[in-house]
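One structure is given below, encoded as structure tokens.
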Amino acid sequence: MKATIIFLLLAQVSWAGPFQQRGLFDFMLEDEASGIGPEDRIHEVLDLEPLGPVCPFRCQCHLRVVQCSDLGLDKVPKDLPPDTTLLDLQNNKITEIKDGDFKNLKNLHALILVNNKISKISPGAFTPLVKLERLYLSKNHLKELPEKMPKTLQELRVHENEITKVRKAVFNGLNQMIVVELGTNPLKSSGIENGAFQGMKKLSYIRIADTNITTIPPGLPPSLTELHLDGNKITKVDAASLRGLNNLAKLGLSFNSISAVDNGSLANTPHLRELHLDNNKLIKVPGGLADHKYIQVVYLHNNNISAVGSNDFCPPGYNTKKASYSGVSLFSNPVQYWEIQPSTFRCVYVRSAIQLGNYK
């Protein structure tokens, strides 16, 4: 009985025809025999919905990242995949951002528009971007900061534009903002509204370098840990300008025209660790360094300092600082290194951390 069953199974297999590779022409012949023409089949295929989001022409899409950089685009591409989390449009020729350019991009976290020709952004252009965290608009032709930026924004970079005004209203409600980069713009001190940055409660980093400002912007938020104002036209550091910056750890004021630092200025930054005052017009070491508990790095090279006192950097006698210096630079000043008492740097961590050199 078993043998009979096996024989029948083998016979059934042997009756089956061999596998044949079939092409589009074979299916078209079948359609012709069944009364379905090739045109009907083509229309049927065209009517099918796409299986997933379509990548814009010439762009590259991978893992919710849409890269459309370096394509010579003059506008934002249409029909961007709605699940996009990062959109890269840098190095194009886009001149304007319009309402609706980013519709349906509710999952976008980062938008890169660097190095375009953008001079206009419609007030509601970024409204659909309810999850946007990073907005990069550097190297464009913007004269003002964009309005109605998403409240989720954490990082804004708009250096190398044509911005002349920073209004307080632009940053209202941006409570998640951490980084603001405004360098290399034709900004003047009068163009920054008093307290423009005050409303951003989490703001940690501001860079306004290589502009025309002559004073430290007033009303900076107490949350700041880094303030970079290098390459400006600041002439003086007064105590009021640093008041309330209790969390500031790094202050960059290199390449300005600062001739004086008011007494008490550094006392307003009790947690300062790095102070960059090189390439200015200082005639003496700023007061208050010896009493500062945490400061570790002080750059004073390329100034007009002609004398250094034995207590300018360290507490009197051999009282120890909370933190020892790890870097002190005084080279390219009129003061001669042999005129400085060895005990002046008694609170420096290692001697190699001191850079004196000669004045040229």
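Cβ atoms here come from the backbone N, Cα and C positions, even for glycine.
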Cysteine from Cys59, Cys61 that Swiss-Prot links to Cys68 by a disulfide bond: Cys59
Whole-number Å value for how far Cys61 (disulfide bond) lies from Cys68 (disulfide bond) (Cα to Cα): 9
Counts by DSSP class (helix H/G/I, strand E/B, coil) across the repeat 'LRR 8' (235-258): 4 helix, 5 strand, 15 coil
Per-region confidence, the repeat 'LRR 8' (235-258) (mean pLDDT, whole number): 97
Nearest-integer angstrom distance between the alpha carbons (Cα) of Cys55 (disulfide bond) and Cys347 (disulfide bond): 61
Distant-in-sequence neighbours of the repeat 'LRR 7' (214-234), which means Cβ under 8 A and at least six residues beyond its ends: 183, 188-189, 192, 194-208, 240-242, 244-258, 276
Secondary structure content of the repeat 'LRR 6' (188-213), with strand meaning DSSP E or B: 3 helix, 4 strand, 19 coil
Rounded inter-Cα distance in Å - Cys347 (disulfide bond), Cys61 (disulfide bond): 56
